[in-house]
Amino acid sequence: MMWSPPATLFLLLLLGQAPPSRPQSLVAMKLRLVGPEGRPAEGRLEVLHQGQWGSVCDDNFALQEATVACRQLGFESALTWAHSAKYGPGKGPIWLDNVRCVGTESSLDQCGSNGWGVSDCSHSEDVGVVCHPQRQRGYLSEKVSNALGPQGQRLEEVRLKPILASAKRRSPITEGALEVRYEGHWRQVCDQGWTRNNSRVVCGMLGFPSDAPVDSHYYRKVWNSKMKDPTSRLQSLTKKNSFWIHRVNCLGTEPHMANCQVQVAPAKGKLQPACPGGMHAVVSCVAGPHFRPPKAKPRRKEAQAEETRVRLRSGAQVGEGRVEVLMNRQWGTVCDHGWNLISASVVCRELGFGSAREVLFGARLGQGLGPIHLSEVRCRGYERTLSDCPSLEGSKNGCQHENDAAVRCNIPNMGFQNQVRLAGGRSPAEGVVEVQVEVNGVRRWGSVCSDHWGLTEAMVACRQLGLGFANHAIKDTWYWQGTPGAGEVVMSGVRCSGTELALQQCQRHGPVHCSHGTGRFSAGVSCTDSAPDLVMNAQLVQETAYLEDRPLSLLYCAHEENCLSQSADRMEWPYGHRRLLRFSSQIHNLGRADFRPKTGRHGWIWHQCHRHYHSIEVFTHYDLLTLNGSKVAEGHKASFCLEDTNCPTGLQRRYACANFGEQGVTVGCWDTYRHDIDCQWVDITDVGPGDYIFQVVVNPKNEVAESDFSNNMMRCRCKYDGQRVWLHNCHTAASILS
């Protein structure tokens, strides 16, 4: 039924008065739901206007208005609405009344209403909404800054100012006087009423999982001695209320201090001292294992005992990634239904980071594999592990991998980002790598020798720079002009494992030795904030494996491309046959960027026998191993046709090999190599009966950058009786606890 304008509208027009209209705004208004803890999809509906949050009256409010509000908040739809202040009365203004939506609007400010603040309601009529917990596909993340009210816009950040000499020498700084940036200026916090809960929130913001007790008696002695020092400005500064934050009261579960009760000045006015007889609050934090000095790391037995059952995958930076949990010896993902900053902070602290600064929805950091273990995770904030939090089974809640949840955690400032830079590139994300190291007791900038420089080292450099993943590791940088005075090689023989936070933590030569010398052979990188992620479909391999005795007369081209075991060289061609373990492979790109060959078409190699180009000479390794890991047979596959064989509904195929077309695999699509094409096998002619491990490795030389190399390997148990073969328990190496 269409809404028809009432007679009063025409009367208003005749009198020259404006009718009820839409709130005018250049940008969509901000909304929030104030409701039960751990239930982000329901609560009292509040609107931000002129820097102040206010409620919405329930007059004329119905499902279509609730639907518009829920969609604006990032949910798929509304389940219902609640009248008469079901979620409690608000305290600020009642900003909107008689809201009227059609239901197709993208935000509430496109709906009609009485106008801002025009209402005859009381807070007993505040409306609430209940949204469907599933997030919209386009809704990407919730940051700490999104969750804060006007106070959060003023309480910007915190830092620790070390007082002890030993604390000043530490990196990162874990203990010191707390300072809070408030409205652009740094203030001290009064220690009166300060609690360990407050310290826990501060430590979380600074990237630390927990706090530690402080020797307050010692710090009081230091404070008193400074107050008595006539040369110190402290005595005069402490008399100014602008020097202090008066009171802080946190529960300990908040992701940011602005979520706590913060009283900047005394309640009785500015004339009352803000911290009479008190001193600055001192906070001591405990660094996670990634950020401790080497001598402080736990012993191996302790580390094994504390092995976590949660991990982050495919993140561009340390402390971020898709959340995966280990259940029943199998890794699986977490659904983003109900995912919020409090639950994400439990994950971050469990992994040795601080609290969560952003939660991400809709598989923003790539889709996972295997089961979806958890959904509707509702942590209270003090749980030691995510498994301690109430949750539902993801498989029973309609979740798909497109709903995989992710997180970005607060991490400590180690200062590493200030010890590396790029120079000479066409953009800030590429150039010659220049590092700062200590040479003869003096810190100086210089270049890195490109000997042994590869994608793993480049990945560490890009992460240290805060630029994400490495696109390319560049060994020849003559076309990039480095910084004048920083051309000398100060680091050589760099070999990284890939987990380091900085190049300075990688293995390298003691005395610098670079066979190429300086100049054109300095190491360089090209970085990107997104990368592909190739994963083999293990189930398809298991279902399609079989044996074939193939005549040599049909294997000339395969022999030319080294797809047979070496014993084939000694056979009397074309007589005889080879026993081949055949299978189909389907390689999915689950990342956030297309997978493209390292070289363009000009660098592809033509193979006359099969009459096609190889865009990557070794795209996959196929191996048969003994149970103790010794190789007994091998094969390899060149990417003669890297294309989108299939894509899910709604995605367009972009790459096809026909007519010398562009090669690659689009995000979300997959490339299939059928079992009946050449080289899609392992030659097991020389293998005797027994139990083996069948292994496939995609992108084995890490020639093309990916967000996660740990899932490039797939393994199956293989039983061969001399005539038949069985593959079972096929899985990607990163999906099952070994």
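Here the Cβ of each residue, glycine as well, is placed from N, Cα and C on the backbone.
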Of the candidates C121, C131, C190, C203, the one sharing a disulfide with C57 in TrEMBL:
C121
According to TrEMBL, the disulfide-paired cysteine of C70 among C101, C111, C131
C131
If you check TrEMBL, which of C496, C527 bonds to C506 via a disulphide?
C496
Identify which of the disulfide-bonded residues C250, C335, C496 has its Cβ surrounded by the largest number of other Cβ atoms within 10 Å, counting every protein chain shown.
C335
Taking Cα atoms as reference points, which of the disulfide-bonded residues C250, C260, C389, C399, C496 is nearest to C101 (disulfide bond)?
C399
What whole-number Å value do you get for the CA-CA distance of C379 (disulfide bond) and C399 (disulfide bond)?
19
Return the residues near C131 (disulfide bond) by Cβ distance under 8 Å, restricted to its own chain and a separation of at least 6 in sequence.
L33, A41, E42, A66, A69, C70, L73, F75, E76, S77, A78, L79
Over the span of the domain 'SRCR' (158-286), how high is the average pLDDT in this prediction?
88
If one measures from the C-alpha of C399 (disulfide bond) to the C-alpha of C389 (disulfide bond), what distance in angstrom results, rounded to a whole number?
19
